[in-house]
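A.B. asks: The structure that follows is given in the form of structure tokens.
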Amino acid sequence: MLPVTISVILASLSYSLAFPKPTSEAELSVAEFNFAEEFLNKFYPSTKKSGLNVFYEKVKEMQKFFGLKVTGNVNKETMDVMKSPRCGMPDVAEFSLFPGRPKWTKTALTYRILNYTPDLSVAVVNDAIRKAFKVWSDVTPLTFRKVSIGEADIFIQFAAGYHRDSSSFDGPGGTLAHAYAPGGGIGGDAHFDEDERWSSNSQGVNLFLVAAHEFGHSLGLSHSDDRRALMFPMYRYVNPNTFRLSQDDVRGIQSLYGRKRK
């Protein structure tokens, strides 16, 4: 099973496209072209199209998703978006669910934090994770309980580089975290890149915001193209004290689990 990675979520990320060198307003360097190729392979995997126009079609798809001018050329604006910190899950339109609509078949879920980042105290990490789950329990019948030993539905881990799953982390920036859709084994688990500088404020990468996004994947949501949505793939800081789910997020999660019981 592949993770939906904020990086965050399950399509094949290993599909390789044969890309021609594109023509753009400013010619790409070899390094930039390779970066764009890797980005499109990962976030816009193609299972149907083939041939010389695949690169351009994928660039246009990506530009449309992010509200950029649709040209098929990788200009500076497009490259800047590609290089922005984000979740590692492929991009889709509006609120979206994983293929087959995977979801938890129970509403009382457990989670276990396997290790802690040295960037924050244990208490601060515990609080950020608790609040991130509460974002979703506030609008659904779901409940989340932390356990310290044994099995759990959702395991949470901080790791750098290769960490014994199918998606290695890429160092500071780029993919921040990833999570797996609901299911057995690694299903639902969330991994956070230890090479990021995790924080509880606007400095570095805010753990609460990234965790809330990733847990959306852990519960069955994919990405949204609504820039106001928590499930939008790019990281954006907002004040955690005033954070609220968008209606797009609420519609998505309630389509799986229903409304919170009164």
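The backbone N, Cα and C atoms fix where each Cβ goes, glycine too.
Automatic prediction, not curation, is the source of TrEMBL annotations.
Note that this is a predicted model, so its numbers are computed, not measured.
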A.B. asks: Need the matching range: TrEMBL marks motif 'Cysteine switch' on one of 77-84, 85-92, 141-148, 253-260, and I'd like to know which.
C.D. replies: 85-92
A.B. asks: Using DSSP and collapsing to three states, where does H217 (Zn(2+) 2 binding site) fall: helix, strand or coil?
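C.D. replies: The residue in question, H217 (Zn(2+) 2 binding site), is helix (DSSP, three-state).
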A.B. asks: List the binding-site residues among H163, H178, D189 whose C-alpha is within 10 Å of the C-alpha of H217 (Zn(2+) 2 binding site), in sequence order, or say none.
C.D. replies: H178, D189
A.B. asks: Using the alpha carbons only, what distance in Å do you get between C87 (Zn(2+) 2 binding site) and H178 (Zn(2+) 1 binding site) once rounded?
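C.D. replies: Distance (Cα to Cα, whole Å): 6 Å.
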A.B. asks: Would you count the other CB atoms within 10 A of the CB of H213 (Zn(2+) 2 binding site), including those on all shown protein chains?
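C.D. replies: Total other Cβ atoms inside 10 Å, all chains included: 31.
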